[in-house]
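Trainee: Attaching a single structure in structure tokens format; questions to follow.
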Amino acid sequence: METNWRLLDTGHRPGPENMAIDEAIAMAHGRGEVPPTLRFYGWNPPAVSIGYFQSMLGEVDLDAVRAGGYGYVRRPTGGRLIFHHMELTYSVVIREELLPGGVIETYREISRGLLAGMAELGVPAALSGGDRDPRRADPDGFHTACFDTASAYELQVGGRKVAGSAQTRRDGVILQHGSILLDIDVPLLFRLMRLPEGIPAERLMARFRAKSTTLAEALGRPVSWAEARDAFAAGFARALGLTLTPGQLTEREEKEAQTLVEAKYGCDNWNMRK
């Protein structure tokens, strides 16, 4: 595996911009213009994202989202609804030839960096087992959100999911991104979702709490975004033997990201397509 990577901290940005930047990095890396990239980012305003195969209108209460001043966007990856609020988000972009293996194998390798980041914080995390493909569309409606079910090789603390990831591949480039929960407001999350009929919200929230956790809960103290960023950067470097060189988006990446916001991620013909 290539071990010289670029490290990006792009701060907190709107949802469409975050997804556009991930895609722009993948395009630039595919052209050989930038090295493999580990990016950390946040969301401002907080936003709901849905997986590529989901229905925005079927999953999200857009009236509640807009009333709260939140954003919304469809991801280029699969998986289920996430409310990006009190979290650290990461993305990894690397060509398939530089990180050989199928989806599960590369997912496991990237998860080694995440697991080491947890160790940097003192969180006793472990990787989930099983063979559930991270690209799978959401299962039945009883699974309400990303963090109530773990895919293979996702991070758990005491059997409860603390980070969720998804991967896609295009033109020989791997893009994997995921959310690491610093904390969570479960009632707020459920107010922004369309819930299955006939199942009380209280029951679904209880299930969610039983299956998910946060860094704050695991450590018994708040964890800042910057503290988590630094810990996971150190974890990736240590576990994968990387040399991480801090950098910035190139001018072309910035321009292509803006074009993608205007033509794709900021548009209803993408976000409402299903």
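The backbone N, Cα and C atoms fix where each Cβ goes, glycine too.
Grabbed the feature section from Swiss-Prot, which reads as follows:
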ACT_SITE  CYS146  active site, acyl-thioester intermediate
DOMAIN    32-244  domain 'BPL/LPL catalytic'
SITE      LYS161  site 'Lowers pKa of active site Cys'
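Would you situate these features in the structure and describe their surroundings?
Mentor: LYS161 (site 'Lowers pKa of active site Cys') falls within a strand when secondary structure is assigned with DSSP.
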Trainee: For LYS161 (site 'Lowers pKa of active site Cys'), just count the other CB atoms lying within 10 A of its CB, please.
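Mentor: Excluding its own Cβ, the number within 10 Å is 21.
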